[in-house]
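I have a structure I would like to understand better, so I am pasting it below and will then ask my questions one at a time.
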Amino acid sequence: MAVQISKKRKFVADGIFKAELNEFLTRELAEDGYSGVEVRVTPTRTEIIILATRTQNVLGEKGRRIRELTAVVQKRFGFPEGSVELYAEKVATRGLCAIAQAESLRYKLLGGLAVRRACYGVLRFIMESGSKGCEVVVSGKLRGQRAKSMKFVDGLMIHSGDPVNYYVDTAVRHVLLRQGVLGIKVKIMLAWDPSGKIGPKKPLPDHVSIVEPKDEILPTTPISEQKGGKPDPQVPQQPPQQPPAMPPPVPTA
């Protein structure tokens, strides 16, 4: 028998489930370019779509790893047998995904690359992917014992208003180095896309679009138009009546 819960408790439970699932997959699939998760609930089963840049690593050899993840999720969250399915979906544009770029920068710093060089490489890749603007902030013990923050900005970036919710993609990651923990924050401003593939369909509120005027076709030959409208082809037209001729003048004596 299904337990009835209020709408408020249902929203809270769904939020906790997605947050815990995201945390688990972030730790488990960090090296495979994990970029987010989508949960779709149907009447018969729950579908979990894992977004990643390297989907082959997520699936594993002959689908072994995805089956292991399915079993762990099913056991942890108490799903009935066969009621949960995990799928792996490749990120269409890796350069426009903030999570993927934050993970990329994290592994560059772990590999010993200089902070400035790593950040400029990520910045350039994001802008070449077609974004409108981006911002990368790295904070912590970058040089010496004094903690500081370095910000790298390119293009246009909005910081306030409702468009931030659907135009700006943000990701925060932490990397543990020998000198301490560094914080990484990546913000990517997407471009307006009417098709909705690489950006939001809704344009910015201050966007002004100028419609090009249509080319006017000028007549090359003079055209005569009837004033009263088109004549009826069934009714024959009467020839115009001539005014009566004036009588010749009478000579006077």
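Positions of Cβ are set from backbone N, Cα and C atoms, glycine also.
Swiss-Prot feature annotations, pasted as is:
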COMPBIAS  233-253  compositional bias 'Pro residues'
DOMAIN    21-92  domain 'KH type-2'
REGION    211-253  region 'Disordered'
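For the listed features, I'd like the structural context: burial, neighbours, distances.
For the domain 'KH type-2' (21-92), the mean pLDDT of the prediction comes to 86.
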Can you tell me how the residues of the domain 'KH type-2' (21-92) break down into helix, strand and coil by DSSP?
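Summed over the domain 'KH type-2' (21-92), the classes give 33 helix, 22 strand, 17 coil.
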